[in-house]
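Have a look at the structure below, then the notes.
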Amino acid sequence: MSKKQSYYVQSDLIFLFILFVCVSLLSVYNAQQLEQYDGNNFVFKQIIWFAVGVCIVAAIQFLDLEQLYKASALIYGIGVLVLIALLVAPESIADRVNGAKSWFQFPGLSLQPAEFTKITTILFLAATISRHKTKHAVSSLKTDSLLLFKILLITAVPVFLILQQPDFGTSMVYLFIAGMLIILSGISWKIISGLILLISAIGAAALGFVVKFTDLAKELLGKQAYQVDRIMTWFEPSQPSNDASWHFDQAYMALGSGQLFGKGMDALQVSFPEAQTDFIFSVIGESFGFIGSALVIFLYFLLLYKLVTIGLNIHKHSPFGAYVCFGFLSLILVHAFQNIGMTLGIMPVTGIPLLLISYGGSSILSTMIGLGIVYRVAVEHSIQSDYLFK
Amino acid sequence: MEKKKKKKAQLPFRLNILFFVIFLLFSVLILQLGVVQILNGEDFQKEIDRTVQDTTKIPVPRGKIYDKNHDVVVDNKPLYSITYTPPKGVQAKDRLDVAKDLAKYISMDSPEVLEGITDRNKREYWYLENKEEAVGRLSDEAKEELDDTDEYNETLKLITDDEIDDFTKEELEVIAIKKELDKAYSLTPQIVKNENVTPEEYARVAEHLDELPGINATTDWIREYPYGNTFKSMLGSITTQEEGILAEKEEYYLTRGYSRNDRVGKNGLEEQYEEVLRGRKEQIQYTTDKSGRVLDSKTVVQGERGKDLVLTIDMEFQEKVDQIVREELNTALTQYSNPELEDALAVVINPQTGELLAVSAQHYDKKEKEFQNAAYKTLYDSHLPGSTIKGATVLAGYESGVITPGQTFYDRPLNFRSSPTKGSWRNLGVVNDLDALRMSSNVYMFYIAMRMGGKYSFEQNDRLIFTEDNYFQEMRNYFKQFGLGVKTGIDFPYEETGLVGETKPDSLLNYAIGQYDTFTTMQVAQYVSTIANDGYRVRPHFLKEIREPYPSENSLGPVKKSINTEVMNRIQMSQSHIERVQEGFRQAFQSPGGTGYSYYGDKDYNPAGKTGTAENEFFRDGKLIKTINLALVGYAPYDEPEMAFAINVPKLGTQSNQHSINHAIGERIMDAYFDLKEERDKEKNEENEE
């Protein structure tokens, strides 16, 4: 293997990825044994998605980070256009699923654009932050405010569009990523703490208003009044159980029944909907027990650690690359924590997949694209450091 | 420089903090994972392993009813039937899916079914098919104010008439099927279609059972009556599946393992012998896990169809009696002036065993201008019996000691101060007890009554004052020994005991000649049987035997239980006194001067009996209407009675040239009975010779 080729073998990333693929395929296989969605071979499809994903990762390695940096604005623009297209698309290709217009549906293929625009938004945010930092080497409150404004504006556009679908959970993911990047972009603590205070104040006021004047709040929200009910259920845990919570209870029971060692392959006893997607962690818990589930959590921890390391190492050479890493880190973090937390009953129930494990073309492909770019950043770092130490 | 250095350190510092936060967050996840899986895991597993056992009861065919000669009176006609047993927790949407699938295999397009579809059925269908649109129409305020049920009802209202107007025939069929499915209770079979299921439909459904959750193809049955309306009102009927168990006896049925949609006997013998006819349902126990999957099913109780009844009724004879009563009623209606006449009643019983041989009442419906079988009237309607009960009066006289056999009285009209004059149908002169029965002397009975009241000396224009206090009670108690004024004990869900009048001296005289309290024809039949049967009062009954269900369709199984003759009591009177009355009855029919002599004097089956005419006056619209009841009791043969009968035809006209309908019916019934007997004996002999 030549020196140049060896840059492209990031063995720890590859090793982590293979572990994730194994976990994903095993748990999707187990979920499939519940036979709730007869006639669908999820494992086979998931293998295809991973295979396509690997090709994409490989293809991305041919790109230069500089090229990505320059094209980021364009890519972001395309992403926003796709989101607009989704909203205006006829129902024949974008029918509502569970009341939300989130999917393009073509024969044999469904795509969720919001998954992909996560990556395009991260790219443009990273590019914007690094451009800003080169331009304003010395930061002041003024420049920091400007950067904050840019970040918020870039995030606001897709968030607004996604709220129209409406998909509350996914837009929260965007806000979380933006928040993480704001903190890591070096914006002064003064501004950040001010921002946090402001948001907390508004949030608390809004919450207080809803709780105190529930009826008025519903009137103001009109058609979105059910959101108020959602909030109210946090405060009234003894609500009679409806279908959704019955499904959750089933998944929760399944997870718990895995106990320390799990039930092994092909031995699930409890069926619940969305076992192969949003509630995949319950399948992992039932199949592989506390030990297996804890290992999966640790696997995410390792991935996050790796992303932090890459970002930290490269940020001197390529702030853009570093911020891409941090954006991707935020994405993985929020999905993993929210999804697992939801399954464990400490986070509210939202339809957010467990990235790299849950079955689903859109989430797998978009995550692989993100991973591909991070991989390219890691390769870049290897090249740079090699060059430096020569 | 210092400033720059600070900047450089900024990112790693923030990253470290961030990474520490990530570490904390993930620790929380691991901690909670431990709580859920290690601390509570065992409880969850227990919850999963907990299974639920449910028992489904599958109805069995009802027992059949046979007559005395083992001819089928009530049969079960098997029907192909499509049933639906909903699994637990099934939703309206699921039922709609099943209905749509089922509609591919069966047709539900008979006019009655399609007409049975209500507006609401259509709206519910439209709602399920267009749920989002329907729900969207309801204003947010309304959604907030109303509870789920009201919200649903409001939403249904918002569906316009146009939208539910133009369903295709296919859609209407789906609606009709869904309507049936909606009626089902969880885990209890409900019949979706059982009339006109063709063998093709049955086969198609049976083939596709695996696509139709809860649907089953079975055989059901309906009651069939080979004799049409004959005796039907006594046989009774059963409820439909919609009616289910009788609401007023709901607890009774539910504690006996009935389902709400079970068909039960709702009147007549079907109700009386419900316990026998119902059979034992097959019980299948399903073990399901928490998610409703069936893990195991086993038959815990083997089903057995209902036991069969064999009746004492001879249907051929019953048909003849019905015909006789109907024809004579028709004669009285068409050839004589009888504007009030509606009913004619007759009961034929074996006096020794209490077996009822024929129970007939014909009712002429003046509006519909048709005769109806109304046999139940022999138990439900009570009438003045007239002189037919004089046997009981004479026996009461003997027993109370006011007369002895051979006692004579002078029969002429008795004048009372301040009450109407009372006499016999004509002045009979000196009569003894036998003459009194033979010629039907009222005056003789008046003397018995007066003596029982303590009045032994009578002068014309005497005031009617009794010295005994409980004279009326004493007389009624004697009558009750014959079954007059009490329940006969018949095996039927209901029987009337008759009207009881006030107790006055004058009334006792009327009571003694059958002109006061009213009795049902069944009570009178029991009374004459008691006299025919040497004083033994037997319980009249329709049921002869209970037979075990037999595996083969059309033959009777072994006898499970035979109904024996049950003597309810023996009257107090001595055998010699009873024989005296029997002789009086014989003379009434067979001696010259007897009130029935002209009809029965030449009969070789030696009948005995007593005629009766009662004045039956009533007010209608403030106007007194005078009618008479013609009655007859009797038995034959005199020395070894095998049949006894009671006949009453109320509300005939009072004119003198009246149709003697009681005799016409009585003579023909006895003739028919003995002719049929002869015929049967001949057949039997021929069979034996072969």
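Using N, Cα and C of the backbone, Cβ positions are placed for all residues, glycine too.
Residues or ranges marked as transmembrane segment in TrEMBL: A:12-31, A:43-64, A:71-89, A:109-127, A:147-165, A:171-189, A:196-214, A:288-308, A:320-340, A:352-375.
Long-range Cβ contacts of the transmembrane segment (A:109-127) within its own chain (Cβ-Cβ under 8 Å, at least 6 residues beyond either end) map to 68-69, 72-73, 75-76, 78-80, 82-83, 86, 102-103, 151, 154-155, 158, 162, 165, 167, 170, 173-174, 177-178, 181, 320-324, 326-328, 330-331, 360-363, 365-366, 369-370, 373. Tertiary neighbourhood of the transmembrane segment (A:147-165): same-chain residues 76, 79-80, 83-84, 86-87, 100-102, 114, 117, 121, 124-125, 128-129, 132, 136, 171, 174-175, 177-178, 181-182, 185, 187, 191, 195, selected by CB-CB distance under 8 Å and a gap of 6+ residues from either end. If you look at the transmembrane segment (A:352-375), the same-chain residues 6 or more away from its ends with a CB under 8 A from one of its CBs are 10, 13, 17, 20-21, 23-24, 27-28, 31, 42, 45-46, 49-50, 52-54, 56-61, 68, 109-112, 115-116, 118-119, 122-123, 169-170, 173, 276-278, 280-281, 284, 296, 307, 310, 324-325, 328, 331-332, 335-336, 338-340, 342.
Beyond its flanks by at least six residues, the transmembrane segment (A:12-31) meets 42-43, 46-47, 50, 265-266, 268, 275-276, 280, 283-284, 286-287, 296, 299, 302-303, 306, 356-359, 371, 374-375, 378 of its own chain at Cβ-Cβ distances under 8 Å. Where the transmembrane segment (A:171-189) meets the stretches A:71-89, A:288-308, A:320-340, the count of C-beta pairs under 8 angstroms peaks at A:320-340.
Same-chain residues lying 6+ beyond the ends of the transmembrane segment (A:320-340) with a Cβ under 8 Å from its Cβ atoms: 65, 68-69, 118, 122-123, 125-127, 129-130, 169, 172-173, 176-177, 180-181, 184-185, 278, 281, 297, 300, 303-304, 307-308, 310-312, 314, 347, 350, 352-356, 358, 367, 370-371, 373-374, 377, 380-381.
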